[in-house]
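Structure, as C-alpha cells:
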Amino acid sequence: SLASAAHYAARTGDVCMLELPAVAVGAAVADASSLAASASTISLEALSSDIFTFLVASVLVVPLCRLLNVTPVLGFLALGCALGPHGLGLLSDSEANVQLGDFGIVFLLFTEGLQLSPDRLQKLGGFFNLGLAQFLLTIAAITAANLYIGPRILETAERFIRLDDALVRLILTTPVVAFTLAGAGALSSSAFVLPVLKQKGWEERADGTAALAVLLLQDIAVAPLLVILPLVAGSGPQGGSELGVLVAKATFGFGAVLAAGSVLLRQIFNVVAATRSSETFVAAALLVAVGMGGAAQALGLSTTTGAFAAGVLLAGSRYRQQIEADIKPFEGILLGIFFMTAGANLDPALCVQEWPTLLSGIVAFLAAKLGLIFTLGAFAFGLTRAEAIRIAMLLAGGGEFAFVVFKLAEDLGLLEAKLANLLTASVIISMSLTPLLGEVAAYVGDAVERIDAGNEARARADELFDAIDADGNGSIDREELRRFLLGGGSGAPSSNLSFDRLFERLDLSGDGLISRAELRDGYEELIIGAVRDAALQYATGGGAETPYDAASAALATAPDAVVVCGYGEMGQRACDVLAGEEGVAVGGGGGDSGAWGTQFVAFDRNPSRVSVGLAKRIRIVYGDGASASLIRAAGVSQPRAIVVTYANKKRCLEATRRLRDDFPAAPIFVRAHNALEAEPLLQAGATEVVVEAVESVVRLASLLGARADTADAVLRRPLPMANAADNATDSGGNSLGSAAGGSPPHPEDRHEASWWTD
C-alpha cells in the first residue's frame with residue numbers, strides 16, 4: 001500500500017497529502033519511478049514488437065487473400081485471432097494497439113468524406129431519415145424484444161437448444177444490459193460495407209446511397225450513445241444542465257469548427273502546395289484528418305465524425321485527389337491493424353464452449369436487424385423491394401464501434417467479462433459475414449427485381465389495355481386495336497390476314513373481344529408483334545395474298561439493329577435521321593414508299609408515343625428499352641449501337657449501367673443535359689456522352705463562322721473563371737478543374753486502390 005500511495009504521489013506531485021516520514025516517502029517515490037520507467041520500457045518494447053508483427057502481416061495477408069480470392073479483412077481478423085492472447089500470444093493485449101487501429105477508421109471516414117460532392121451529399125440527405133429511424137427503432141425493438149418477448153422465446157428455445165441460461169437471462173432481465181446490447185447492435189460496419197459497395201458498383205445507385213447515408217448517421221450517433229450509456233448506468237452527468245452543456249458544446253462548438261474549417265482548410269492547402277514539398281503536403285493531410293477528429297472528440301463527438309466532416313469540406317477542392325492518394329497507404333495499413341486487434345479479442349475456446357448460445361444470438365440478431373431495415377426501406381422510405389433487401393443484408397451485421405460500446409459498458413460494470421467477450425465474438429463473426437451477405441444480397445435482390453419486373457409487366461399490360469380501350473367498356477374490339485396500331489389513321493384497310501391473326505391470338509375466348517386478362521396473357525405477343533402487323537398492314541395494302549410468315553420474316557428487325565431507348569422528342573429525331581439514312585419515308589413523305597426501317601428499333605413505355613411511332617411507320621416496341629430480355633425478344637441479339645435519350649438523368653444512368661452489363665461490346669451513346677452529368681455516365685459504361693449544352697454552343701459558333709472542330713476543342717478546356725477548379729465538381733465528387741500549379745506531383749501509381757477497396 002505504501003508503494004501504491006507513493007506511486008500516486010509521484011504521478012500527482014502532491015507528496016504533502018501523504019502523512020508519511022519524508023525518508024519513507026522519498027524511497028517509495030524512487031521505487032515507484034523506477035517501476036513506472038520499467039513498465040514504460042516494457043510497453044514500448046511490446047508496441048515495437050506488435051508493430052513489427054503488423055507490418056509482416058500486411059506484407060503477407062493481402063497477396064495471400066488475393067490468391068485465395070477472399071477479402072483481406074477476413075485474413076487480418078483470422079491472423080489477429082491466431083496471434084493474439086487467446087492464440088500464440090505474439091500480440092500483446094495493449095490499449096495502444098487499439099488506439100493505433102482506430103486511426104484506420106478515422107482515415108476511412110476522412111477518405112469517404114472526400115468522395116462527397118455537394119450533389120452527392122444532397123442525395124445522401126434524402127436517406128438520413130432512414131438512418132435515424134433505423135438507429136432509434138433498432139434500439140427500441142431489440143430492447144423491448146429482450147425484456148418482454150425474450151423470456152418466452154428462451155423457454156421454448158431451451159427445449160431444443162442447450163443455451164447458457166445465466167448469460168442469456170442476464171440480458172433478458174436487466175434493462176441496462178438490454179439497452180447496451182441494442183445500442184451496439186444498431187451499428188453496422190463501414191469498414192466492411194463500403195468495400196462491398198465499391199466492388200458491386202452500387203455506390204451511385206439508390207440502395208448504395210441509402211446504405212452510405214445509414215452508415216454515416218450511425219457513425220454520428222456513436223458519440224451520443226457513449227454519452228447516454230453512463231447516464232443509464234447511473235454515472236456521468238446527472239443533471240439536465242450538465243447534459244445541456246454537453247449538447248451545446250457538440251452542436252454550437254462543432255458548428256463553429258466547421259464554419260472556420262470551410263474557410264481555412266483550402267487556404268492552408270494553397271500555402272502548403274506552394275512549398276512544392278510532398279512531405280509537407282502528406283503531413284498537412286494527416287494533420288487535417290487527425291486534428292478535426294480530435295476537435296470533434298474534445299466537443300463530445302466521435303473522432304470519425306470530425307474526420308468525415310474534414311473530408312466533406314475538402315471534397316470540392318482541387319487537391320482532393322492528391323489528398324486521397326496520400327492518405328490511402330496509411331488508411332490501408334491502419335485498417336489492417338484495427339482488424340488484427342479486433343481479431344485478437346476473439347476467444348476461440350469460449351466460442352466453442354458457448355457455440356449454441358453464440359450461434360442462436362447471431363441468427364436472431366441478423367434476422368431482427370435485416371427485417372427492420374427492409375421494412376423501413378421498402379415501406380417507409382421509397383426504396384424498391386430489391387433495393388431494400390440489398391441494404392438490409394449489407395447492414396445486418398455488427399459494426400466496429402460495438403467494440404467501443406462493450407468496452408465502456410464493461411468499464412462501467414454493466415457487463416461481465418465473459419458476456420462482453422461473447423458479445424465481442426458475435427460482432428466479429430457477424431461482421432465477417434458481410435462479404436458473404438453482399439453476394440447473397442446481389443443474388444436475392446436480382447431475383448426480387450425479376451419478380452417485380454413481372455409485376456410491372458402486368459401493370460404495363462393494364463396501362464396498355466386502358467390506352468387501347470378507347471370507349472372504356474372493359475374490352476377491346478377489332479376497330480380499337482386497329483386504331484391504336486395505326487395511330488388512328490382512317491385510310492388504312494380495316495382488315496388483313498396478319499392483323500386478323502394477331503387479334504385471334506389475343507382473343508383467347510373467341511368472342512370477338514379482348515378482355516383485360518387476355519391482353520395480360522398476350523402482352524408480349526402484342527408489344528413485339530404489333531409493329532410487325534402494322535408494317536404488314538401498310539406493306540400489303542390490306543390484301544391477304546402476302547403469306548404471313550414470309551412477310552414477317554422479310555420485315556423482321558435485323559439482329560444487329562441500332563437500339564433507341566426512349567421515343568420522346570430526342571428519340572423521335574434520332575429515329576427520323578436513322579430512317580432517312582435507310583431511305584425510309586418517315587411520316588409518309590418522300591423516299592421509297594414501301595420500305596420499313598429494320599436497321600433500328602425504338603422502345604418507349606408511353607402508349608401514346610408508341611402510337612405516334614407506328615403511325616410514322618417507325619419500328620417501335622412498347623416497353624423498357626433498358627431491358628435486355630425485351631431487346632432480344634424484339635429480335636436484336638447483338639445491337640450495333642445503343643442510343644439512350646431519356647430526359648431523366650437518373651434513368652439515363654441506370655439504363656446505361658444495365659445495358660453495359662448486358663451488352664459489353666455494344667457502343668452506348670447517351671444524352672446529357674450538362675457537363676456535370678457526363679462523368680458518371682462514362683463511368684457507368686457510356687462510350688460517348690452527347691452534352692446538349694456543349695452541342696448547342698458548337699452549333700451557335702458554327703453559325704457565327706467558327707469551325708465546329710475549333711469550337712469543340714475550346715469548349716473542352718477548363719473554364720477560366722475564378723475558383724472554377726475549386727467549385728466545379730461532377731456528380732461523383734470528382735473535380736472538373738485542373739490542379740493548381742503549386743500542388744505536389746501526383747504519380748500515376750498513387751491512384752491504385754487500397755487492399756480493402758479493390
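The backbone N, Cα and C atoms fix where each Cβ goes, and this holds for glycine too.
Note on TrEMBL: of 6-36, 285-315, the range annotated with the feature transmembrane segment is 285-315. Matching 327-346, 427-446, 687-706 against TrEMBL, the residues noted as transmembrane segment span 327-346. In this chain, the transmembrane segment (327-346) lies out of contact with the transmembrane segment (127-149); the count of Cβ pairs under 8 Å, excluding pairs fewer than 6 apart in sequence, is fewer than 3. Over the domain 'RCK N-terminal' (559-691) the predicted model carries a mean pLDDT of 80.
Within the domain 'RCK N-terminal' (559-691), the DSSP-based counts of helix, strand and coil residues read 55 helix, 26 strand, 52 coil. Using a Cβ-Cβ cut-off under 8 Å and counting only residues 6 or more beyond its ends in the same chain, the transmembrane segment (243-265) has close neighbours at 223, 227, 231, 237, 288, 292, 295-296, 299-301, 305-306, 309-310, 313-314, 317. Between the transmembrane segment (285-315) and the listed ranges 51-69, 170-197, 209-231, 358-381, 388-409, the one holding the most Cβ pairs under 8 Å is 209-231. Taking every recorded stretch in 170-197, 209-231, 327-346, 388-409 and counting its Cβ pairs under 8 Å to the transmembrane segment (51-69), the highest total belongs to 327-346.
Here the transmembrane segment (209-231) has long-range neighbours at 109, 112, 120, 123-128, 130-132, 134-135, 179-180, 183, 186-188, 190, 193-194, 197, 202-203, 237-238, 243, 246, 250, 296, 300-302, 304-305, 308, 373, 377, 381, 383, 387, 390-391, 394-395, 399, 401, 404-405, 408-409, 412, 414, meaning same-chain residues at least 6 beyond its ends whose C-beta is under 8 angstroms from one of its own. Residues 71, 73, 104-105, 108-109, 112, 134-135, 138-143, 146-147, 150-151, 154, 203, 208, 211-212, 214-215, 218-219, 221-222, 225, 228-229, 232-233, 335, 338-339, 365, 369, 394-402, 405-406, 409, 414-416, 419, 423, 427, 431, 434-435, 438, 756-757 of the same chain, all 6+ positions outside the transmembrane segment (170-197), place their C-beta atoms under 8 angstroms from a C-beta of that stretch.
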